[in-house]
Amino acid sequence: MERENIVWHLHKVSKADRSQQKKQRSAILWFTGLSASGKSTIAGAVEQALFELGHHTYLLDGDNVRHGLNKDLGFSDEDRVENIRRIGEMAKLFADAGLIVLTAFISPFRSDRRLVRDLVEADEFVEVYMDTPLSVCEQRDPKGLYQKARRGEIKNFTGIDSEYEAPEAAEVTLNTAECDVSECVAQVIEYLRTHNIIHT
Ligand code: ADP
């Protein structure tokens with residue numbers, strides 16, 4: 001079918017209707033940071049806190065997506081860009097469903113994060129920067145990936161031989177070397193409350 005014959009359908013139940021029913025504003029909490037900076041840990045803990053408050057959420061996590069939807073993609077620059085683009089489109093669909101979406105991907109390039117930000121409504125994208133120093137991440141090294149990267153067994157590893165471009169104006173910045181899990185979670189929840197994403 002020709003591309004111009006594909007049209008976006010407007011359904012009877014809108015995003016606004018779904019958000020109202022769920023008593024929350026849809027949002028994408030985009031966690032970005034080095035490997036072992038705490039993205040999965042904090043995103044998981046924030047999701048649990050939101051769930052306990054009665055909110056509707058969905059967490060998209062790095063490795064899980066690469067097992068399925070993006071299993072055809074590798075770690076070249078081109079594939080990393082496509083990986084984030086697809087995740088962004090998927091997050092947008094979940095947000096359209098009225099959910100608070102949490103994503104935990106290194107997403108090292110500013111232009112990719114900008115691309116996702118531009119896909120959704122202006123106040124829907126909440127960039128959560130895990131500002132944990134590389135030295136701390138490397139010391140944690142829960143999966144031994146930094147060790148492998150240092151030995152040259154993994155190429156293009158972010159922070160070692162591939163760049164991480166830190167956000168310039170993230171909505172929330174967390175340094176897990178300085179605050180524990182519950183403090184980081186509280187900081188994210190506070191942002192959601194003050195920006196009227198949740199009212200609980
Ligand atoms: P990422 O998803 O960024 O790769 P993970 O959450 O998988 O990071 O790993 C972070 C590691 O750091 C975990 O082993 C976690 O237990 C540990 N950690 C120690 N202190 C903190 C903290 N304050 N916040 C988050 N993680 C922490």
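Every residue gets a Cβ built from N, Cα and C, even glycine.
Per TrEMBL, the features are as follows:
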type	residues	note
DOMAIN	25-174	domain 'APS kinase'
BINDING	Gly33, Leu34, Ser35, Ala36, Ser37, Gly38, Lys39, Ser40	ATP binding site
ACT_SITE	Ser107	active site, phosphoserine intermediate
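What TrEMBL annotates, mapped onto the structure for a quick look.
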residue: Gly33; record: ATP binding site; CB count, 10 Å: 30
residue: Leu34; record: ATP binding site; CB count, 10 Å: 24
residue: Ser35; record: ATP binding site; CB count, 10 Å: 24
residue: Ala36; record: ATP binding site; CB count, 10 Å: 23
residue: Ser37; record: ATP binding site; CB count, 10 Å: 29
residue: Gly38; record: ATP binding site; CB count, 10 Å: 25
residue: Lys39; record: ATP binding site; CB count, 10 Å: 27
residue: Ser40; record: ATP binding site; CB count, 10 Å: 19
residue: Ser107; record: active site, phosphoserine intermediate; CB count, 10 Å: 26
Field: recorded positions near ligand 1 among Ser37, Lys39, Ser107 (Cβ under 6 Å)
entry: Ser37, Lys39
- request: Work out how many Å separate Ser35 (ATP binding site) and Ser107 (active site, phosphoserine intermediate) at their Cα atoms, rounded off.
  value: 10
- request: Find the one among the binding-site residues Gly33, Ala36, Ser37, Gly38 whose C-alpha lies closest to that of Ser107 (active site, phosphoserine intermediate).
  value: Gly33
- prompt: Could you give the mean pLDDT over the domain 'APS kinase' (25-174), rounded to a whole number?
  reply: 95
Query: Using the Cβ centroid of Gly33, Leu34, Ser35, Ala36, Ser37, Gly38, Lys39, Ser40 as the reference point for the ATP site, which residues of the same chain not in that list have Cβ within 8 Å?
result: Phe31, Ala104, Ile106, Met130, Thr132, Cys137, Thr176
